[in-house]
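Since the structure comes first, as structure tokens, the remarks are kept for the end.
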Amino acid sequence: MNEFEPNDAPLYAELLRYAARKEASFHVPGHKDGRFYRNSEGGLPKGLADIWEIDATEIEGTDDLHDPEGVIREAQEKAAAFFGAEESFLLVGGSTVGNLALILTVCREPGDVLIVQRNVHKSVLNGLMLAGAQAVFVAPDHDPVSGLAVLPGDAALETALARYPQARGVLLTRPNYYGMGRSIRETAATCHRHGVPLLVDEAHGAHYGLHPELPASALAEGADGVVQSTHKMLAALTMGAMLHVQGGRIDRELLRRRLAMVQSSSPSYPIMASLDLARSEMQRRGTSAFAGALDAAAHVRRELERLPRFGTVRPEMPDGALEGGEAAPRPAAGPASAARERAGEPRGDEPRVYAEQDPLKIVVCDNRQLLSGYALQRKLADAGCIAEMSDERRTVLAFGPGSDADDAGRLIAALRELQRELDAEAEAEAEAEEAQAAEGGQRPAEAAGLPDAGPEPYRPGAEVAGAPAVSEPVAFDLRPEGASAAVRLENSAGRIAAEMIVPYPPGIPLVYAGERITEAAAAHLLRLREAGARFQGAADASLATVRVRSDVQGQRDIEGKASADGAQNKRGR
């Protein structure tokens, strides 16, 4: 492999020149190229030595993120050309600031309507609040096997656009945290027929379109504005992201002003340099950048098939069987189907409930449903394998350009050992039950009339339980929610939430402030709490209690508005 040529990454190269000049600094930052931290021998603290030396600011040669004319502008132009955009912007606050800027650009006036996939990241909701916008939520379709939400169907989005012609745009998330998705080419065409832009939160898909085994990027499928977390599935420093735009449906000048609002006026040069470098290295290496990661992930999938205790989330075949299942009829494998099989997709061109699975995301579960995803994540961590996230049922394993065969080997060894441990426990339990039965006793669970221990089977759509396919407009603003009180989660059903409740990861709200907490939603939150999930947004992070509206007028206002909106909607139809 040829050595990296820094001149292909203009911003990174300029920072190397800056560090090499060893100039006397009479500007910020105050650590003065790290000199504050140097010890008596001239050494810098381990882990940050090189970072200090390129942590520059806006001086001659380093350009200005908010008015780029030199190396930052060149870095953004190279990024646009590589990722297939007309214009790209470096982001130093993660995909969060990209989502905020897009929403503030499209929703110019308070009360503007944006059609939004219901299961979105909390940054989208914060953008709606900052814009004072109204969201029409569209419920996503669900994979019937795993119960996981993917994307709303095109028919539901068409209904929403027809019902609310004043909408300023449509915002979707693709892929989800589990690497699941579908083509959005028709979705983009639907939006454009209605004269509105399609905005896509592609935080987990920055690598899409960069290898034949990966799904096409949202830009390639026609999206107008796309936010990508370059740090997640590519190779930038954490918080490094990009915003890509194309076409004339997004006001570029207004977008620049909005980015200047939500991004720091002192952006991190190491983060920006890492974005420039990540793009340059991906471009230089081409498809070989993903060879090691794809091989490692494919190897793990093959080995998992030999471990019957564990299953994975995969697209469903037309007859209802999963890819890899013996009942699934398949054509003979050929060169074209080999790549799809490595990605965990069915062979052939049959339609699936969800057609795209990121081959670099492996979602593992206990086939016996006795081990929660949280517990599986903890056990893997004990073996030195740190997973991306988990939920009630599943653990998500994320591979990236830096993954290799050694990583795969450690993971497989950990899963094999865990299966041996679980099998031994099951055998010991079975022997104890047989002995107890021989003595005429009952199993403890049977004696108590209780089901077997373990997580309750996942219900499809639980994260959006009770939500309509297309909601009425929901107003967002920054005003306080009004008087509230804490109630036990067990007693919250039927009350109006005064806070947003967000299991994190994945950072998708289950309950919005101002929404009625349904019995299904309360039950789902209880299961998550007992399984060990972590929550953001709630005043009580343990979720022993939740905040609900305590003012009677607030309850009546929300109930009255729902009734009036329903009557108006009937008149409108």
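Each residue, glycine too, has its Cβ placed from N, Cα and C.
Across the residues of the domain 'Orn/Lys/Arg decarboxylases family 1 pyridoxal-P attachment site' (10-319), the predicted structure has a mean pLDDT of 95. If you look up TrEMBL, you'll see 10-319 marked as domain 'Orn/Lys/Arg decarboxylases family 1 pyridoxal-P attachment site'.
Here TrEMBL flags 312-354 (among others) as region 'Disordered'.
Sequence annotations record features per position, and here TrEMBL assigns compositional bias 'Low complexity' to 324-338 (among others).
Taken from TrEMBL, the feature compositional bias 'Basic and acidic residues' covers 339-354 (among others).
If you look up TrEMBL, you'll see 425-436 marked as compositional bias 'Acidic residues'.
Marked as region 'Disordered' by TrEMBL: 425-466 (among others).
Feature annotation from TrEMBL assigns compositional bias 'Low complexity' to 437-449 (among others).
Among the features that TrEMBL reports, domain 'Orn/Lys/Arg decarboxylase C-terminal' is placed at 481-537.
Look at TrEMBL and you will find 549-562 (among others) tagged as compositional bias 'Basic and acidic residues'.
Residues or ranges marked as region 'Disordered' by TrEMBL: 549-573 (among others).
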Practice prompt. For the compositional bias 'Acidic residues' (425-436), jot down how many residues DSSP puts in helix, in strand and in coil.
Written response: 12 helix, 0 strand, 0 coil
Worksheet item: Which residue counts does DSSP give the domain 'Orn/Lys/Arg decarboxylase C-terminal' (481-537) for helix, strand and coil?
Response: 16 helix, 14 strand, 27 coil
